[in-house]
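Asker: So that we are looking at the same thing, I have put the structure below in structure tokens.
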Amino acid sequence: MTSCITYFRPFIRHGKFLIHQREVSTITYITNFFSKINPFIPTQPPAIQPLKSQRRKRRSIDPTTSEGILLFEIQELTKSLNIEKYRISHDLIKYYKNKEHFRRIENLEIIAVSSTGKGIGIIDSEIDLNAKTIVVIPFTLKGDIVDCKIGIHQESFAEGHLLRIVKPSSSRDDSLIKCKYFNSCAGCQLQMLPYSDQLEFKTKVISNAFKQFDFNTRDLPIRATVESPLQYQYRTKLTPHFNSNRKDIKIGFERDHEGRKGIFNLNSCEIATPILNHALQENREELVKIVESYKKSGTILLRDKSIENNIDYTTNHKEIITQKINNFKFQFPAGEFFQNNNSILPSVISTISSFIDKSIHKNIIDTYCGSGFLGISLSDKVDKIIGIEISRRNLDYAAKNAQLNGLTNTEFKFGSSEEIFKDLIDLNPQESVVILDPSRKGSTEDYLNQLSNFEPDLIVYLSCNVFSQARDLKYFLKQTKNGDKYEIQLVQGFDFFPQTKHIESLVVLKHK
Ligand SMILES: C[S@@+](CC[C@H](N)C(=O)[O-])C[C@H]1O[C@@H](n2cnc3c(N)ncnc32)[C@H](O)[C@@H]1O
């Protein structure tokens, strides 16, 4: 009995909850049960330890990651709601991590949606009846009333798992959901939201990102997010995971369902192109054969290689893929980076084009150039394109793609983007456009300082992580030598990834 009391102690003190939601936790049952059979079980909560002694040194959290974004947005929300005390005891974090205890909450109202695409609700803390616990619940919208169970506790919030929508938000339309795995698969977050609302959500994410990095968003030219012509069936590459158990092979994605994790079998993905769905369904035996040849878990590549009337896919990382965007052809190895949603690429190119003035701009410096997609697509706007890329395989294809499209005005260099600036001494900065399109983590201070010293007339920053983009732009504008000589002329999202929380963001800066 003593060990039972020790085991349940953190919860027994909360046999009585004074909360707005009706709580039906297993703990309540257990507490009631033990209270009945053992009168020595304390009915009053023991004194709560002073905050100070419970506080651990906070690890530093990268503000451009999901965790950092949530932390910032939760702080903003609690400030706006005047909730001074929201916390989770570290004893409880440890407890939840070690034992699988779930607390069930009924009729919880979702009061906001974070830029991570997850809804946020507030419940009373389990450790301190005067404090609140923030709950973050995937697949929910502002205004939904839900039943959920509370799982693992993180430092600033608890993970909630949706059990049931009790009353839907006025924005929710579940008839729009096309995928049978929606609510279970971690891939898409927004299928229940009408597409125009998805675009609005993404514009707000962009605004949140700039706000997080101290921009006054009212002064920024943030334009409405550009829609994707294809809202389903657009993804040209999938990388399903497989497990290590060869007797029960599963090929699919990470589950995100009622707190259960792990890979689940998936034989369709509504956002992927039809040929990739064919691979997942009809050609599943082929995929299983490939997986059988591996000993461990991993991912399998599915790359759409359809072009014109030739509809096909490959699983071979080295196979050379050809894609046609506008009037240009691009080749690259199937396992290397290429943009994933071809349908929206022409509108990105035409937006960037609209800022390039043939009478002023003579050079484009395409940094983080991959296989040359941006520079080559804009090659008819200027006299010279110089690209730089850190992946040798991508770089080789940038040079080959220039040839494939009959271009003679390009030069592609191998190296890290910071190294390009020393080679630009012969170029007139006032005639130059610098494009940067780094990966999720963004650029570096070294790069941004050199960019500022070079002082090009136009800077075009395309990013799949608007939070690292906003961080970089804050640094560039405020902390580099010539940053204050630039003004932001455009901030615009492009919906490269409909039905998901992701957004591609384009920012254009012009020398004043
Ligand atoms: C988001 S992709 C963009 C590629 C290209 N702009 C496109 O649209 O296809 C980012 C590229 O940056 C490259 N990269 C990453 N770090 C780099 C660095 N320090 N210097 C140069 N290229 C880098 C990656 O290999 C990848 O090809």
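Cβ coordinates come from backbone N, Cα and C, glycine included.
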Asker: Where TrEMBL shows Gln339, Glu389, Asp437 binding S-adenosyl-L-methionine, which of Tyr313, Tyr368, Tyr447 is named for the same site?
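Answerer: So, going by the record in TrEMBL, that would be Tyr368.
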Asker: On the three-state reduction of DSSP, what should I expect for Glu389 (S-adenosyl-L-methionine binding site)?
Answerer: strand
Asker: If you skip the near sequence neighbours and keep only those at least six away, which residues in the chain come within under 8 angstroms of Gln339 (S-adenosyl-L-methionine binding site), Cβ to Cβ?
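Answerer: Residues satisfying the criterion: Leu345, Phe373, Phe496.
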Asker: Using DSSP and collapsing to three states, where does Gln339 (S-adenosyl-L-methionine binding site) fall: helix, strand or coil?
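Answerer: Where Gln339 (S-adenosyl-L-methionine binding site) sits, the three-state DSSP reduction gives coil.
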Asker: Please report the number of other Cβ atoms within 10 Å of the Cβ of Tyr368 (S-adenosyl-L-methionine binding site).
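Answerer: 23, counting other Cβ atoms within 10 Å of Tyr368 (S-adenosyl-L-methionine binding site).
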Asker: On a count of neighbouring CB atoms within 10 A, which of the recorded positions Glu389, Cys464 is highest?
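Answerer: Answer by Cβ density within 10 Å: Glu389.
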Asker: Between Tyr368 (S-adenosyl-L-methionine binding site) and Cys464 (active site), find the distance joining the two CA atoms and give it rounded to the nearest Å.
Answerer: 13
Asker: Rounded to whole angstrom, what's the largest C-alpha distance between any two of Gln339, Tyr368, Glu389, Asp437, listed as binding S-adenosyl-L-methionine?
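Answerer: For the residues that bind S-adenosyl-L-methionine, the greatest Cα distance is 15 Å.
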